[in-house]
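> Dropping a structure here in structure tokens format, bear with me for questions.
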Amino acid sequence: MSAAFFPKLNILQLSAREKNARTLSDQREKDEFSLDIHVEKNIGNIVQVKLEKDHHNHPWFCEHIKVQTPSGDCFEFPCYWWLVNENEVMIREGTARLPQDDTKSFQEQRKDELESRQKIFRWKEWSPGLPMSIDADVKDLPKEVQFDEEKELEGVYFGLEKFLGVFDFSFVIWTENVMQNWNQDYMFGYQFLNGCNPVMIRKCMQLPDKFPVTHEMVEGCLKTGHTLREELQAGNIYIADYEILKGVPASSSQRYLTAPICLLYKNDLNQIVPIAIQLSQTPGETSPIFLPSDNKFDWMLAKMWVKSSDFNVHQLVTHLLKTHLFSEVFEMAIYRQLSAVHPVYKLLMPHVRFTIAINAEAREKLISKNGIFSQVGSISGDGMGKLIQNAMETLTYKSLCFPEDIKARGMEDVPKYYYRDDGKMIWEAIHCFVSAVVKIYYDSDEKVQQDEEIQGFVKDVACSGMNNSANFPKSLESREQLVEYLTVVIFTASAQHAAVNFGQFDWYAWIPNSPSTMRKPPPQKKGQVDMEYIMDSLPDRDCSCKALATVWALTQTENNELFLGMYPDMYFTEQPAKEAIKTFRHKLEEVTNIIKSRNDELTLAYCYLSPDKIPNSVAI
């Protein structure tokens, strides 16, 4: 390795933090070393370091460089980049800079940097209609986005592969509350608020024509003397409509899929309970509306069908599409459009850590044509693409803005909606943090408009990553818009992913509560179902074991997990940005304490959005 500087004094000391990578079986260690650099003349401030590596050495990861002059001045150079073969890297002094604030020579250097990265991080259409992904398989990923050795040794899918052959019901310690109460209507309704998929439910002010529920059908579920029309107008009726599944093919002739509609009601106990279920989008004699007043087997099976549909939508839309795939689009655009010295690059990098790598693994092992999900779910490989295409057609950027989504679904005032309450606190904390950072570097809306890199980032997301979607902004006009956009990126990768991922074993481990697939078609008449039919409808032992192993593996965090607000890498070097991080962490600690105090009073605690349990990025 050789180093070139633009130093200030005759003798200075260079110290570097490195990760030495030899083979994947070696334990990666961090080594710090220092050396003296002798310079014959004073040539000004130190603004850049160049690292060169010849082909004789192993790949080398430089975290950062600090330069200490004899007079005591210290210059910091964040790097966090791999040197492979004979390549070199130019490392700017750590102060973040907007492109328009840089000198002409450095503007040219930034363009060269991005052109070089764009050759490495190329867009690829993995499946028609889906968000674009990186043009590389797991083995060919750029070294910068691969798992480090510790993550690799842990094995992202190690738990899955380990347990697929031996996982048995007797090994599972069920969540007692779920196992005992899964068939209770209040527990069924509770999961629409605080389970794995808390985004499907919305307030219903008017019943759709395709769901002809009458007052006489549900009268026994309503407050005495109240009509269905009155309860609709009072805002006490909610609906979960799985129309997105209409026309999606099932994975085989032995597995069935439907697109149900479920009506729910806020009762006198402030519980959300189901009051009517239709197991298709087309009413009629062969698609009856099931009710709590029906026989217990009809009602039990109808709820199972809703939860099975919810399982498939949750996995492929709420979880895969809206957190994993979107975060990969953001990460790709970061590498392609933002220089390493850009403040937004520094802000977002901790929140895309390992995302491309985990998605590449998922495309290969989990959601491929013959992957794990097609083995445990109801939807074929082709069906997965169809479902996600359906979701993309209706998806909007504003739906990723947490407060906007809550408002659009009319869920501002429903009681015991802890996903909403905790998510709102975290959204506000992230928004305040992002706002503080943006104000450090952008003193006006014009600065946002003039920032070619940030405009390129937003355009690349919409036009390339999101397939030229009209529902995503292609430019930003103000600091306020920039703050909201960056809050969406961070919230999606951290809090939203945590909310829809880490409860999977809790809610899916008891198979009848959320069957991953159904082996018999939905009943077309009432009164023909018994317990034997229900047991024959549930997934078989092999499928259930695979589903259990999958959700168990997907809910594991790594031993050295970095949770929201933990930024050990030195991307920002300026004190104002460091103070913003400190304030952010303090606010997150306050939120954690509020949630803990609330949970101490609950029979069933909601912990998925406690900041101390939210990883910084989509990495599992």
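Heads up, residue numbers simply count up from 1 along the chain you see.
Cβ coordinates are placed from backbone N, Cα and C, and glycine is handled just like the others.
Unlike curated entries, TrEMBL annotations are predicted automatically.
Here's the feature list from TrEMBL:
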type: DOMAIN; residues: 1-97; note: domain 'PLAT'
type: SITE; residues: Trp82; note: site 'Essential for stabilizing binding to COTL1'
type: DOMAIN; residues: 96-620; note: domain 'Lipoxygenase'
type: BINDING; residues: His319, His324, His497, Ile620; note: Fe cation binding site
> Could you measure between Trp82 (site 'Essential for stabilizing binding to COTL1') and Ile620 (Fe cation binding site) for me? Cα positions, answer in whole angstrom.
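On Cα coordinates alone, these residues lie 23 Å apart.
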> Other than His319, His324, His497, Ile620, which residues of the same chain sit close to Fe cation? List them in sequence order, counting a residue when its Cβ is within 8 Å of the Cβ centroid of the site.
Leu320, Thr323, Ile358, Val500, Asn501, Leu554, Val618
> Fewest other CB within 10 angstroms, which one of the recorded positions Trp82, His319, Ile620?
Trp82
> Let me know how many other Cβ atoms fall within 10 Å of the Cβ of His324 (Fe cation binding site).
23
